[in-house]
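Undergrad: Dumping what TrEMBL says about this protein:
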type: DOMAIN; residues: 20-411; note: domain 'Major facilitator superfamily (MFS) profile'
type: TRANSMEM; residues: 28-54; note: transmembrane segment
type: TRANSMEM; residues: 60-85; note: transmembrane segment
type: TRANSMEM; residues: 92-111; note: transmembrane segment
type: TRANSMEM; residues: 117-139; note: transmembrane segment
type: TRANSMEM; residues: 151-176; note: transmembrane segment
type: TRANSMEM; residues: 182-201; note: transmembrane segment
type: TRANSMEM; residues: 237-258; note: transmembrane segment
type: TRANSMEM; residues: 270-290; note: transmembrane segment
type: TRANSMEM; residues: 302-331; note: transmembrane segment
type: TRANSMEM; residues: 389-407; note: transmembrane segment
Amino acid sequence: MNKKAASVSFFNALKDSFQVLKNRLFSLLYFAESISLLGDAFTWVGLALLSYQFGRERSAIILATALTLRVTAFILFSPFAGVLADRVSRKTILYTTHFIRMAIVACLPFVTQEWQIYALVFLLNIFNAFFTPTYRAVIPQVVDHAHYRQAVGLSTATFQILGVLGPGLAGILAVWFGARQIFFIDAASFVLAAVLILLLPTNKLQHAVKKNEKTFTAWHDAVKGVKLLFKSPLIRFALFIEFVSAIAGAQILVNTVGHIKSAFHLDDKHYGWVMAAFGIGASIAAFVAGSLDKTKSRRLSLIAGALVLSVTISITNFVAYPVMLILWLFAGLGQSLAEMPSETLIGENIAENEQGKVYGSHFAFSHLWWAIAYPIAGFLGSRYAGKDFLYGGLISMLLLGIALFLMKKQTKIKS
């Protein structure tokens, strides 16, 4: 294929990614989620600035504790959120969690002590844990099978783009309005997203909810969600690949800033550029994957993504800054390819009336992987500075090898 044909194919795939927005129900959900994600960016920039007000030496501790509480809330509550999404009105869950998060965020400008930050962050992410699995469970209900991968790809790409652009916009608004006042803008974003959700017809989100079922046990259904998640060999393999991706991805999130400043002796601007390259790579992969990989093996995408990500970070300690920019672009591509198939596989292989609990279990386990990966990255960065990415990449490749070995021992998976 010549360069012109490849370019046309790429832009056609990019264009196809937006075709799913012609679906009015999905477009309302998508824009509500996008506004919510932008609000999350405002939240964390505001928290970073707020923590700095408690003392420069305390800011890192406050943010690290807040991130730990965030992941803890996801792990503890998202399995039960998925159960709830299968049993009660999903629309109610979606807009209620937005209004409650609005109220919590609106309290942040008034905090005067550290414990108040921790309490509010934990509460905020409890309701995040209820929103996200419900949102993921709704997508297969409102999008037909042919466009489902495009919908997931567009959502994932938007998440990556807002992860790059959101903090910058939040920083500009913080300069204009002040560190604490940015939380009021954040709260307003949740209200706007909730209004979009209120425009959705309730019955269109409820195909799988059976109101005549017997009273359920939340713990029993949460356990069932975990069993269903691990029952499918391909979904189980995808979840293991997400662990590989988390080990490598944590190296990027935790150790990039130290590498830029200590190894290259560069400033925050250069750190921003290299992380932007990572976000751009992830966005490109997410945008086009839904259109380019409709018939190819999901397993191939998982393996290729994990391999590209692992190999890329393993050589980072030995290259110059311009090369690192290119490597981080490929690392972003790899991470999206390694993580996207899981959500799609659940939507395609799990019964509609069980999807909520499975999405909830998946959300919990995917964050558990990061809870394990962050300390490993921190240990490598502090103990083996200069070879942290190398060791992180080798660990990731070892785990990938284990995953492939275990996969071969099982029945051949139908792609």
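Backbone N, Cα and C atoms are what each Cβ position is placed from, and that goes for glycine too.
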Undergrad: Please determine whether the transmembrane segment (28-54) and the transmembrane segment (151-176) are in contact (criterion: at least three Cβ-Cβ distances under 8 Å, sequence separation 6 or more).
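TA: The answer is yes, given that the two segments have at least 3 Cβ pairs within the 8 Å cut-off.
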Undergrad: Among 92-111, 151-176, 182-201, 270-290, which stretch has the highest count of C-beta pairs below 8 Å with the transmembrane segment (117-139)?
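TA: By Cβ pairs under 8 Å, 92-111 leads among 92-111, 151-176, 182-201, 270-290.
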Undergrad: Under 8 angstroms, Cβ to Cβ: which one of 60-85, 92-111, 151-176, 237-258, 302-331 has the largest number of such pairs with the transmembrane segment (182-201)?
TA: 92-111
